[in-house]
Amino acid sequence: IQPSSYLLVQVIGLEISGEWALWNIFNTFCQLICYEGYPSEEYEVLTEDGYYLKINRIPYGREKPTDEGPKPAVLLQHGLFGQGSNWIENLANNSLGFMLADAGYDVWIGNSRGTTWSQRHQKFSVGQEEFWDFSFHEMGIYDLQAMINFILQETGQKQLYYVGYSQGGSMGFIAFSSMPQLAQKVKMFFALAPAVTVGHSKSPVVKMLLMPEEALQDLLGKREFRWWSKTMREFAAKICCYDLPNRLCANAFFFAGGFNEKNINMVCVYIYINCCPKTLIISVNLAILHSSQMVNHEFLFKIKTDWMVDPKDIDMLLPHILTSLPQEYSDWNHWDFTWGLDAAKHVYSEIIALIGKYP
């Protein structure tokens, strides 16, 4: 399928205009990246505890570089209720994955265990309870370590840059404070609304996840909750492109992360819902202690009106962040770090500038 400025595609009996409809055709991460005109590679990494993780790579931007030498590697790690595609779901000039590639970086995008593209294990199937017996701790200790080591081995570099959003930020604090040898492999760590603890969280979804384990399992199941079935996906495709249902669909995100309709591209809400993982991981541990700074340069970004990760919880980290004052944004919600209309202006451009400052 060739890109065009206007294309009509029949999707489940509904005509959706523009390239947004193509998201329902492409089934792989690589196809999504290639459609935007970027090179794409995909790898599978094995963790020490037996999980196979998909990592996607954008080795350079739309224009192939004349310099064939190695480029600095950047690893992007998604947040809670998300997956790697979140970094490329907006237009290319407003998606951090594409912006970094165009700026001359070797971009790697991780997918944590249990997400759509990381549902394989050496011993267990996704239908077995043992597959889902993990929390943020294992994601940080095993997933992040496996991804970083693989990327450095593949690129031949000694260090990389790490951007962790929400859950991805938590994974970074867990891994780097527990494994100093891994922290030395990270040149800079950008923590975007990291879910280090949620004692002040206003999100009804987070409050539900903090219910007693027995009650939560009775409500949602033992380890995973299949909240996004094929039927629901088709239902969303049929209704979320119309004006009134579209606002209701957006409110599903606002209910969890805070309200801010002005800063989200409402046309893209269908895409965001369509790219959500099919399952919700039940075993979470949101009490994370960051004992000391392990990465040379750590930068915190927080949102004043974030329902999911309250800035008062993030402030617990400030005594340990020596290299940067935290960046705070008003009138944003939790999702604006990946979907916000002005995320490129306020956050992505700053990340790229800081990476350039510390080559």
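One-based numbering along the chain as shown.
Each Cβ is built from the backbone N, Cα and C atoms, and glycine gets one as well.
Record features (TrEMBL):
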DOMAIN    31-90  domain 'Partial AB-hydrolase lipase'
ACT_SITE  Ser166  active site, nucleophile
ACT_SITE  Asp306  active site, charge relay system
ACT_SITE  His334  active site, charge relay system
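Ser166 (active site, nucleophile) sits 8 Å from His334 (active site, charge relay system), taking the C-alpha atoms as the reference points. A 10 Å cutoff on Cβ-Cβ distances gives Ser166 (active site, nucleophile) a total of 27 other Cβ atoms nearby, all chains included. There are 30 other CB atoms within 10 A of the CB of His334 (active site, charge relay system), with all protein chains counted. Across the domain 'Partial AB-hydrolase lipase' (31-90), DSSP classifies residues as 10 helix, 19 strand, 31 coil. His334 (active site, charge relay system) falls outside any helix or strand according to DSSP and counts as coil.
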